[in-house]
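Heads up: the structure comes next, in structure tokens.
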Amino acid sequence: MFSSDRLPILQAYAASLATAGVVRGLIGPREVPRLWERHLLNCGALAALLPQDASVADVGSGAGLPGLVLAIARPDLTVTLIEPLLRRTTYLQEVVDDLTLPNVTVIRGRAEALHGKERFDVVTSRAVAPLERLLTWSMPLVAADGALVALKGSGIADEIAEAGAVLRKFGCAEPEVLPVGEGLIPEPTLAVRVRWADPASASRVLKVESASGPRKANGAAQRKQRRR
């Protein structure tokens, strides 16, 4: 899962999460004893589902899970961490600089602000939102031959059922539920992978978002910033 030359980098990141991450409210103190088995290892196991040399957007990165772990495990990936909160992006950028991760870019903002501007081979997330909302934020960022790949729990079947209307609206293929980390980690989990039903679906959604989405997202962001 992690090569011998990447493991020290992951250990440094784990140490940061257990110290600065707790102090700055990015991870709960109760999570520190199970940081490896519950957080780092299952995020690392997700790397097996990503194609070689893929461009990856991690939506709602928070403390960097799974985006930073994927970037550490797979230096062939180009990872963009998307996070709206300043205190979190400040931390993420500090970690990227401290660990010297040239394959990572940190963007402060919401995923919607990139609609119509950027497309990625894979869009990831973990514990961000139910699938129904996640599709709305993420699918406009997915390239025509790409996929949304999100870590989920045992309730994923219900989430898929509730997201039926949005899946049809965007023209998505039937979601795949995939085991993550079986036989490799103490606490295996699940991932849901959503692809486009056909490339034309991606093109149609991206054209609509390009025409209307970014202006609305940016306007909302500007109004929120002024209120602050």
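Cβ coordinates are placed from backbone N, Cα and C, and glycine is handled just like the others.
Note: TrEMBL annotation is automatic and uncurated.
Among the candidates ARG74, ARG119, ARG126, the one that TrEMBL lists alongside GLY60, LEU65, ALA111, GLU112 as binding S-adenosyl-L-methionine is ARG126.
Taken residue by residue with DSSP, ALA111 (S-adenosyl-L-methionine binding site) is part of a helix.
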